[in-house]
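*Asks:* Got a structure for you, questions after.
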Amino acid sequence: MSHYDQQYNAIIQKIIESGISDEEYQVRTKWDSDGTPAHTLSIMSEKMRFDNSEVPILTTKKVAWKTAIKELLWIWQLKSNDVQVLNDMGVHIWDQWRLEDGTIGAAYGYQLGKKNRTVNGQKVDQVDYLLHQLKHNPSSRRHLTMLWNPDDLDGMALTPCVYETQWYVKEGKLSLEVRARSNDMALGNPFNVFQYNVLQRMIAQVLGYELGEYIFNIGDCHIYTRHIDNLNIQMKREQYEAPKLWINPDIKNFYDFTIDDFKLIDYKHGDKLTFEVAV
């Protein structure tokens, strides 16, 4: 069984047993199918920690891992907010949040693409600054990226759930700590935990570092009420050994990665489970 499955099931069980309901409040989220309020059970401040001896991907259900990586490339490599660009990759997970101009506004990739840092007298964006600093100033305690920009929040189709990364270089190993203000455990968490670990592996490879720790912090950790039944089914399923992630070792530039440079080997998993989307 995988370490991720074990940590995931423990958090799900904790939410079901002791999570606090928000049904007494008006909520922003609505069910995509019928427009009624989408309520949750939630707990606060959970941490998932991995030593990177295995790839953190669920085995109790099938996770669309290529879709997760494509979304990662859209945000971190292309720094795009254009939903059509994602559609052209065959991915439609952001369609419900598409604004009239076809984008998700000033969210996610838009923030990473803003040239607000300076390297050698040239303005660069957060990703390029991070890559430069990790390579040339590894001992710094300032290796962060931030998607939560108060100046732009009102112009975002959806404020970022995963909003911050912090990177550490110790003894030649690259560690990553991720912070999510809010995480939907049925749909969001399996994608986010996997894709940010892929990001860590990509950056470690192009900069020549070994893998260190991977930590995923969650502020509001919740389950939507319509997801509880299927999550109970999922928790009872057999867990399998984690698969291996192959990343093309010939890629030495972060911007050269394509979806064809990733393979998930020996991914054994339970059947797909459907969870309704709340928007």
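Positions of Cβ are set from backbone N, Cα and C atoms, glycine also.
Sharing the features that Swiss-Prot gives for it:
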BINDING   R141, R142, R181, S182, N183, D184, N192, H222, I223, Y224  dUMP binding site
ACT_SITE  C161  active site, nucleophile
BINDING   D184, A278  (6R)-5,10-methylene-5,6,7,8-tetrahydrofolate binding site
*Asks:* Say we define neighbours as other CB atoms within 10 Å of the CB. Which of the binding-site residues R141, R181 has the fewest?
*Replies:* R141
*Asks:* List, in sequence order, the same-chain residues at least six positions removed whose CB sits under 8 Å from that of I223 (dUMP binding site)?
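*Replies:* Within the chain, I223 (dUMP binding site) has Cβ neighbours under 8 Å at I12, I15, I16, G19, T40, L41, S42, D184, M185, A186, L231.
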*Asks:* Greatest CA-CA distance (Å) over the residues R141, R142, R181, S182, N183, D184, N192, H222, I223, Y224 that the record ties to dUMP?
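*Replies:* Comparing all Cα pairs, the maximum is 37 Å.
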*Asks:* Give me the Cα-Cα distance between R181 (dUMP binding site) and A278 ((6R)-5,10-methylene-5,6,7,8-tetrahydrofolate binding site), rounded to a whole Å.
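*Replies:* Just about 17 Å between their Cα atoms.
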*Asks:* Which entry in the list of binding-site residues, N183, N192, has its Cβ near the fewest other Cβ atoms, using 10 Å as the limit?
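*Replies:* If we count Cβ atoms within 10 Å for the binding-site residues N183, N192, the smallest count is at N192.
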*Asks:* Just counting, how many other CB atoms are there within 10 A of the CB of D184 ((6R)-5,10-methylene-5,6,7,8-tetrahydrofolate binding site)?
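*Replies:* Within a 10 Å radius of the Cβ of D184 ((6R)-5,10-methylene-5,6,7,8-tetrahydrofolate binding site) lie 24 other Cβ atoms.
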*Asks:* Pick the one among the recorded positions C161, A278 whose Cβ has the fewest other Cβ atoms within 10 Å in this structure.
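*Replies:* C161, out of the recorded positions C161, A278, has the fewest neighbouring Cβ atoms within 10 Å.
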*Asks:* Restricting the comparison to the binding-site residues R141, N183, N192, which residue's C-alpha is spatially nearest the C-alpha of C161 (active site, nucleophile)?
*Replies:* N183
*Asks:* Can you give me the Cα-Cα distance between N192 (dUMP binding site) and A278 ((6R)-5,10-methylene-5,6,7,8-tetrahydrofolate binding site) in Å, rounded to a whole number?
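*Replies:* So the alpha carbons of N192 (dUMP binding site) and A278 ((6R)-5,10-methylene-5,6,7,8-tetrahydrofolate binding site) sit roughly 17 Å from each other.
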*Asks:* Reported as an integer number of Å, what is the Cα distance between N183 (dUMP binding site) and A278 ((6R)-5,10-methylene-5,6,7,8-tetrahydrofolate binding site)?
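*Replies:* Computed Cα spacing between N183 (dUMP binding site) and A278 ((6R)-5,10-methylene-5,6,7,8-tetrahydrofolate binding site) is 12 Å.
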